[in-house]
């Protein structure tokens, strides 16, 4: 029997009621005391999926398949055997090759695993339509209200559309209200939007009492009615303020546009900056971001101009101007914040005017191009299939040769279609607790549980990301073997679970296995 001697002097110093007699454990029990461990670790990613949608999915819900890498790395730990068979440790693990490739060339059900007829039937699919960002109605400032009240009518004897064009445009851009709407009684006609009659106009409690009756009709050329409508719209817009800042709304809007056009920009070698506007963006940063967006959209349009008829002809011109109230703001923090919000709101309104600034037409043209390219590819595949059928008269050898050629081309296409979606590194620190389940000779089977933090950095879509820190938990089941006096070999397998997502896209869970040497001091 092995004895661990408890020194009498130490016990006396601690005033503990123990004698100097030895405490005896079974020969195969693990010794109490501190230990250190070093080892290697490897695993397989689990639960993570591509953030890219499969363009072949008409519902726009299916994600492209991922080819996941096998993470590997090293682990270091320091711990304490608390009682025989129970130990606690602090461990650090560094994982490399946390990566995955997306199969751009393989569209799920497009795989040629069926008959020729099946392959031909699945060639033409309905593509998800590109949809421009929806307009955002922003609160109207007092300065914008005062400017709008004084919008004049155009001189002359023209119709309302011409004389009140500036006022009609203000209603659309600032309030999202169309001045004219289709006439329900006459499909070919149009009437003044009845919503304009429901907007509070003027003082609801004028002197003398009795209230104020709503007008029977709205005349946009009438300056008094126009002033009252502008004041009413301003009050309503500020009563329904969004919960997020104008800068955040603008940043999200630009990010959505960039995400929509990115495939086309990549083909045209147009660089897209995926850095969002910070919440504290200055007026100059907002102006530069809008100018950058205008340049990117115009570069994409020019790149495809002439590829198909009657498309990409309307230039993209974002009519963004810094509001006059912003230009006169001081440098005080409160004034700077007001200027920031006003500039962001003006930029949002410039993007809202998609009919005139060219954004809506660009989306239509890109969708037309997408369908045109898909149709050409489908026709080529269909022609290849028809060529196979016609070649059957020439004998089996010709069919086999053509089939081999098609298979070889498919392999090449598949290789070209792979792109690294993310390539990350993870540093994981955990506090773990292990307990032996049972012991046989010099072997013991143990289970463990752990919790801690994971620090992740690297690249997503080829761009460096901001380092992410999140909570993780783990479970493990393993075997420990006593290979020498005080030296043990641990081999275990388990599951690492992440409680948060990186970039709000990827949840890095993994099945992991490790092997290490543990030395008891």
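These residue numbers are counts, starting from 1, taken along the chain as shown.
Backbone N, Cα and C define each Cβ position, glycine as well.
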**The annotated region 'Disordered' range in Swiss-Prot, which must be one of 356-385, 386-415, 416-445, 446-475** = 386-415
**Asked** Can you check which of 64-86, 87-109 Swiss-Prot lists as transmembrane segment?
**Response** 64-86
**Same-chain residues at least 6 beyond the ends of the transmembrane segment (469-484) whose Cβ lies under 8 Å from its Cβ atoms** = 28, 30, 428, 430, 432, 434, 436, 442-456, 490-500, 502, 512, 518
**Item:** Same-chain residue ranges lying at least 6 outside the transmembrane segment (64-86) that approach it to Cβ under 8 Å
**Value:** 25-26, 29-45, 48-50, 52-54, 92-104, 106-108, 418, 421, 426, 432-436, 439, 444, 446, 510, 512, 514, 516, 520
